[in-house]
Amino acid sequence: MKQRTLSIIKPDALKKKVVGKIIDRFESNGLEVVAMKRLHLSVKDAENFYAIHRERPFFKDLIEFMVSGPVVVMVLEGKDAVAKNRELMGATDPKLAQKGTIRADFAESIDANAVHGSDSLENAHNEIAFFFAAREF
């Protein structure tokens, strides 16, 4: 089924200048970039986006990391896009990620793990709406 999902290339990957390599992974695996923007998240935006994690012990560090530099936010479209994106990203902890996944190849740690991807179709809809207006597609 053709779906859309959200992907965020995080500050650590921008600092390493691997944005193009990550986008190539998506495109060469059947995911089309249908919307994209580069921005610097405010603390408020990061807190609102990651509100589901507000009570978790890592929340403060996550917010500090996500506002530490610019990010690239994208909408990816393709067959089973949510699952495909998660497969391409690999495990949250790059040490556990399979060789050839984005996190295994480009991430430093469980915190600086290069990319974010929606974990469900419902969350994909909400996350896309957080960053993009319908007219941007």
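Residue 1 is the first one shown; counting continues down the chain.
The backbone N, Cα and C atoms fix where each Cβ goes, glycine too.
Pulled from Swiss-Prot, these are the features on record:
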- H116: active site, pros-phosphohistidine intermediate (ACT_SITE)
- K10, F58, R86, T92, R103, N113: ATP binding site (BINDING)
Sparsest-packed of the listed binding-site residues (T92, N113) - C-beta count within 10 angstroms: T92
Which same-chain residues, if any, lie at least 6 apart from R103 (ATP binding site) yet have Cβ under 8 Å of it: M89, G90, A91, T92, D93, P94, A97, N113, A114, V115
Long-range Cβ environment of H116 (active site, pros-phosphohistidine intermediate), under 8 Å and at least 6 residues apart: L6, S7, I8, K10
Secondary-structure category, per DSSP, in which R86 (ATP binding site) falls: helix
Sparsest-packed among the binding-site residues, when each Cβ's other Cβ atoms within 10 Å are tallied, from K10, R86: R86
